[in-house]
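One structure is given below, encoded as structure tokens.
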Amino acid sequence: MDSVGKKSMKNQNQREGLIQRLRCSIQNYDWGKRGQDSQVARLSAFNSGSGINPQKSYAEFWMGTHESGPSFLIRNSDENNGFPIGSQIISLKDWISKNPNVLGEKVIQKWGSDLPFLFKVLSVGKALSIQAHPDKDLAKILHKLMPNVYKDANHKPEMALATTHFEALCGFINLKELKVVLDNVPEIEELVGSEEAKKVSGITDLDEEEKVKSALRSLFTHLMLASKEMITTVITKMKDRLHAESQARLLTEKEQLVLQLVKQYPTDVGVISAFFLNHVKLNPGEALYIGANEPHAYIFGECVECMATSDNVVRAGLTPKHMDVQTLCSMLSYKQGYPDILQGVAIGPYVTRYLPPFDEFEVDRCQLPQGESAEFPAVPGPSIFVVTFGEGIMYASNVQGDVITEGDVLFAPANTRIRITGASELQIYRAGVSSMFFQAS
């Protein structure tokens, strides 16, 4: 290679090794918090310089390469991130495809020249849809059959890490709890019929797991497929009963939640189906992970969320969007029991790591006091950092430090050592490929 070629390659390697600042997309779904109340709105305003509409919902802040909400590189005037001066703004996806080495060799071998994870911040003002995400095989089928609804062929395991008090419905309650629900919520039997209710009531602890799953599948499917007229009638009857009973007794937390959902979705079957699911409450710093084919719905609060790069959602309630009830009921695993809650593992005095059982991602939570520093060692895959509070300085390998503030989102290529110092109290989150994947490969 001649000297010109070597110089060009050196310049390209330097560009590939640099931290890239990103301008990110938002989603204004109806369930998002409105105006300044939304962390998504505030982050987006700092990130893009846009104003905040007090009447508008700001639901999700997307950081990654998915076409439904792409991130873009913020150009530097001197080098333009490796593209000719005067070129159009380029998406992170296109930049990675032109510079695949930023992903690292093992990531390219496993997932090709695209980021395997999608990083988000969510501001939930009212309940999201009752939903599940398909496994890879089903995702391919759904994408082929309905590409306008299921926009990619990937699975979507995910994790929500609470940044405020956060509530969700996730997974089916256990058999004992389900029997109590059937006894105490007569409206369910009215919807599904006495024969379906008896299938569950007659099961004992001695019965095989498959029999329990079969009875639950049948009961839940009958519920979700009930006619709109019957659902509306039963919800009204249940609401009136609970209001009357609240005069004589304290309603359970689940009953109070259901009445809250009635206000948001007064004629939706998801209101009744909430009785079947675990009501999960997370404190800041606690995380919930959700695998394929598991029912869930976020209820309220704010979180950092990470997932495989996909936007495949099969919905069946608590939503005005497209619902595919038959697909959801047939795809669910019908596993019962309370979900695992991750507390995270300290990997330093100021950094906690959350490692769900998925190859595509892990999340680090860094809380730095003013004047203190945290180091993120070089890893064989890429990382995305988002500053959610405060100000600091980020040093990449041996490059001079850059000031980072709330709303900044930064892409760090593979094999880049990061050190961050807090100029004030600083909170920053990192998403990267699972360290367990690299250890196993």
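Cβ atoms are placed via backbone N, Cα and C, with glycine included.
The domain 'Phosphomannose isomerase type I catalytic' feature in TrEMBL is assigned to 19-172.
If you look up TrEMBL, you'll see Gln131, His133, Glu158, His296 marked as Zn(2+) binding site. Counting only same-chain residues at least 6 apart in sequence, those with a Cβ under 8 Å from the Cβ of His133 (Zn(2+) binding site) are His155, Lys156, Pro157, Glu158, Ile290, Ala292, Asn293, Glu294, Ser310, Asn312, Val313, Val314.
Taken from TrEMBL, the feature domain 'Phosphomannose isomerase type I helical insertion' applies to 191-277.
Taken from TrEMBL, the feature active site covers Arg315. For Arg315 (active site), the same-chain residues that are 6 or more apart in sequence and have a Cβ closer than 8 Å to its Cβ are Ser129, Ile130, Gln131, Lys321, His322, Met323, Asp324, Leu328.
Residue counts for the domain 'Phosphomannose isomerase type I helical insertion' (191-277) under DSSP, helix first, then strand, then coil, are 63 helix, 1 strand, 23 coil. Of all Cβ atoms in the shown protein chains, 24 besides its own fall within 10 Å of the Cβ of Gln131 (Zn(2+) binding site). Residues within less than 8 Å, Cβ to Cβ, of His296 (Zn(2+) binding site) and separated from it by at least 6 positions along the same chain comprise Ile130, Gln131, Ala132, Ala168, Leu169, Cys170, Gly171, Leu277, Ile290. The record gives Gln131, His133, Glu158, His296 for Zn(2+). Within 8 Å of the mean position of their Cβ atoms, the other Cβ atoms in that chain belong to Ala132, Lys156, Ile290, Glu294, Pro295, Val313.
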